[in-house]
Amino acid sequence: MVPGAPPAPSLELETFSHPKSHQHECIYVCDSDLNQSALTVCVCFRPGPARVLTTCVCVSDLDQPVLTTCVCVSDLDQPVLTVHQTISDVRGSYYQEKTVFLRCTVNSNPPARFIWKRGSQPIEQSKDNGVDIYEPLYTQGETKVLKLKNLRPQDFANYTCQVSVRNVCEIPDTFVTFQLTSATSPPALRLSVNETLVLDPGKDVMMSCEVTAGNPTPTVTWSRTPGSVPQRAVIDGGTLTLRSVEASDSGFYNCAAYNKVGNPAKRTVNLVVRDMRNLTFQITPDSNKDSESIQMGRDLKLSCHVDAQPQDKVNYTWYKNGVPILPSENLVILRSDPDMAPGTGSLEIIDMKFRDQATYTCVANFPGSIVPDLRVDVNITQSSVTPPILSVPSGGTVVTAREGAWAELVCLVDGKPRPPVLWSRADKDLPMPSGEWATETRDGRLRLSNVTRDLSGTYRCQTAPYNGLNIKRREAQVQLSVQYPPIVEPAYQEVRSPTNQPVTLRCSVVKANPSRIARASWLMNGRPLPPTVPDSQEPPTLRIERLSPSSNGTYECRVSNGAGVSSCVFNVSARAYNPEFYFDTPNPIRVLPGSNYSYILQWTQKEPRAVDRILGYWINVRQMNRVAMSRQMEVKEPQPGVLLSYVLTDLRIPLDYEVRLTPITMFGLGDSATRTIQYSEPFTYFRPSDHVCGFEDSRICGFSQDRSDTFDWTRQNALTQNPKRTANTGPDTDRSGTKEGYYMYIEASRPRVAGDKARLLSPLFNVTQARGATGSNRVPYCISFYYHMKGMHIGSLNILMRVKGIATVDTLLWSISGNQGPEWKQANVPVNPSGAFQVVFEGVRGTGYEGDIAIDDVSITTGKCKQDNTVSNTAVLLGGASHRWPLSPAQLLGCTLSAYLLLYR
C-alpha cells in the first residue's frame, strides 16, 4: 500500500435472486478468499439516488446458476476539508473578529462517523460555547461542519477531521488536518497578459497567473473551454506556455488558485489565433425592383464574406479591373453590411452604367498579419450573369437502390455563375447522413454509400444563396426508395400440438420494399415441399392435415420480394413441454436415520394441454456423474399452474444431486428440466419464543424484499442507526426497549418521494393440504405484529396476503395511516388463505421526510386471533433467534449461502 493512500476497498456479500431488479441493504461480511473461488462476474443494476453509497457487482456460482451473490464494495475515501468565513466585511485581516466554518466532506460505505479535534483533543460542543458542530441541510451524512464563533486566541490551532466506518471490513479511520492562523487568507491572482490575446499562427505565447495572496500557499491549475489544454502545452506552476500556436488552440484558458480557504480565485484569458477560410461572394440585383438579372440604370450589390476569427477584425478591399476602388456617388463601400450576415463587406453600384461592367475583386485580410489574404473575382456584364436553372434529369425523380449499395441523386444546375446545390431531407426532420442538416455539392450530384432503409424518403435540392445570384432559391425534389428483404413474423416459433390434429403454419410479412412477394417456398428439415398456390392477399400458409411422428420436424418458409429472402422457422412437435421446478417449497429437506435425508421435489407442467395427455414422468437422479436412481412415475393429469410433488428418499448427507425430470406422453419423451439439490442443515429452534420474529438475525427469519417495489425495508437497532436519521420520527429502540434489539423500518428521507412503496415478504406458507373446522376446508391464521408510526408526514402501513397460483394475487387485509404516536402498538389480523400464501408488509412514504414506519415481533399462527397475544401453534418463521456465534467471515459466508439455498428451493 502506498503511504498516505486511501485503503483498498473491501468486499461484502449478500445472496438474492434476479439482481437486475433487486434493491438491498448490504450485510458487511468480508471474505479474503473470494478472489480464489470459482465465481463468474456479471453486471448488477441497483436502483437508488444519484449518489449511491454502495457499488455492486454480481457473481454467480458456475454449478448453481440460480444462486446469485452480491459483492458490495466497502470503502472510505480521504476526507476533504475547506474553510469559509461568514458573508460580511471582507476587508482587513481575513479572520480578525470573524466567524469561521470548517467543512469536512467524505464519501464512504457505510456512512461515516465524524470526530473533530483541536490539536490532539476531541472537540465537545457541550463543553465549549464557542463552537457548533452540525450537518448542513440537503446532505445525507457525508458532511459535518465545525463552526468557530467570533474567533478567540485559542481558536488559532491545528484542526483535524477524523472519519470512521467503525472498522467495517477492517477499514482504518482516515483524517485530514488544517492549521488555522491569524495569517490564513483566501487566494488572489493577477494576470500577466490581457484578458484577450489575438495572435498570428506560428507565434509563441506565455500566460502567467501570479499568486498575490493566500495562506496556506495556493495551488494553481489551468484548464480550457471548450475542450482540454493542448497536450503540447507546458505548464510550470502558474505559467502556461504554447509554442507555435494554431487556429485549433483558440479558446478560453482558465487559471484557478486553491488553498482550501474561501472560494478559489479564478482568471480567464481568451486566446484568439487569427484564421480565415471559405471566402464566398453574392450578387444581389436591385431588390426594390424585384430584379433577377443585371440591368442598366438599376442598382447592383456585390457582397463578400469570409469565415474568420476574430470575425470583426477582417478588412475587405475592393478592386475594379485590378485598380483599387475609391468610394464615390455611384460606388459605395459597406465595411459591415447590415443587410447581410455579420462580418460581410459589400460594394453597391448605384444606377449602373455601361462603364460599370468590369471584373470586380474582393480581397479579405487581417491588416498587419502574416495570415495569407483571400480573394475572389466576379465578372459583371449583362451576358456574364444569368439566373440559375435547376432541374431533375429524365427518370431521376425516383431513385431506387438496394440496401447496402450506393445511390446517386442528381439535380442539374445551370446559370452564370453556376451556384452550388444544397441537399436536405424534405419529408423528415432529420439530418443528412453526414450529420449536417444540409450537404453542399458543386455539381448537384449527391452520392450516398451503404444506404439503409432509414434513408428512404424525399430529398430537397436547392441553389445556394452564395457564389452566384442572391435571388429566390430554385429547388426540386428527388425520391429515394431503398429496397430491402421482407420483414417476417415469426422469425422462430415453437409449435406443439397433440398427434392426429391439424396444424396451420403462417408466415406473415410485416414490411417489405417492394411490397409484392415474388416467391414463397416451404421446406421441411431442409427438403423442399411441393409448391402451394400463392394468394397475393394472404400470407404464405402451410396446413398439416394430421400431425404424425413423420410430420414432426423443422419447417421453413422462405419469402422473396426481389430485394432479398427472409425466413420463418417453425419447430413442429408433439413432444410435451418441459416441467418448471418450484423453488419456494417450505422446508423441503427432512433428515432420515442412517445419515440420509429426503427432499420434497415440486414442479408445475408448462402448457400441459398443448400436447397429448401426460401419462407420467421419467425421473433421473445423478451424483458425481453416477446414476443414483432412474425410474418412471405415474401422475394424475397435470393441470395448468397446479403443483406436483415427489419425495426423493435415501439421499446421503451431505451430498448434492442433479435431478432430471422428463414428461411422458403417447408420443414419447418430452423436453427435460434439470436442477441441483444441495443439502443444508434444517433450522432448529432454541425455545418457543423463537417462533416470534424479532429480526435479530441477519437472515430476518426468511423474510425477503419484494423486487417489484420502489425501495427496501431496512434492519437496524439503536446502536446502528444511520447518521442521516431524521429527528421526530422513527423508534428509538425496538419493541423490547433494548438498544441491542433489531426492528425493520422504512426511511422516508431523500431520495424518497410521496407514494414510494417498500414491501417485505414473509416466507411461503404451504397450506394446500390443510383442513379447517367442520364445514370449511380453509385453516384460519392470525398475523400478529407491533408497529411504530410517529411523525408529521407518516404515510400508510398496509398488510396484504399474496396467494400463489396460476397468477399471483395480492389482497389487502389491514391498513392504517397517519401519526399513531410515539409508542409501539400491537395489531392482530385474521386471514383465511385458500392456498399457499405469503404475508406482505407494505410501507408507503408520506408527504415528507418525517415519515419513518417500523415493525417488530412478527408472528403468523394457525387458528383465530386471540386477545391474550399467545404465540402457540405459531407457523414456522425461519431463524428468529437472537443468538450470536463467533464465526469467521468465511464461515459466515457459508451460513449466508446455506440460508439462501434453504429459502429458495
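Using N, Cα and C of the backbone, Cβ positions are placed for all residues, glycine too.
Features as listed in TrEMBL:
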- 716-731: compositional bias 'Polar residues' (COMPBIAS)
- 79-164: domain 'Ig-like' (DOMAIN)
- 187-270: domain 'Ig-like' (DOMAIN)
- 285-379: domain 'Ig-like' (DOMAIN)
- 387-481: domain 'Ig-like' (DOMAIN)
- 485-573: domain 'Ig-like' (DOMAIN)
- 585-683: domain 'Fibronectin type-III' (DOMAIN)
- 691-867: domain 'MAM' (DOMAIN)
- 716-738: region 'Disordered' (REGION)
Task = Report yes or no: does the domain 'Ig-like' (387-481) come within contact of the domain 'MAM' (691-867), defined as 3 or more CB pairs under 8 Å with a sequence separation of 6 or more?
result = no
Ask   = Does the chain bring the domain 'MAM' (691-867) near the domain 'Ig-like' (187-270), so that three or more CB pairs sit under 8 Å (pairs 6 or more apart in sequence)?
value = no
Note = Across the compositional bias 'Polar residues' (716-731), DSSP yields 0 helix, 1 strand, 15 coil
Remark   = For the domain 'Fibronectin type-III' (585-683), the averaged pLDDT of the predicted model is 90
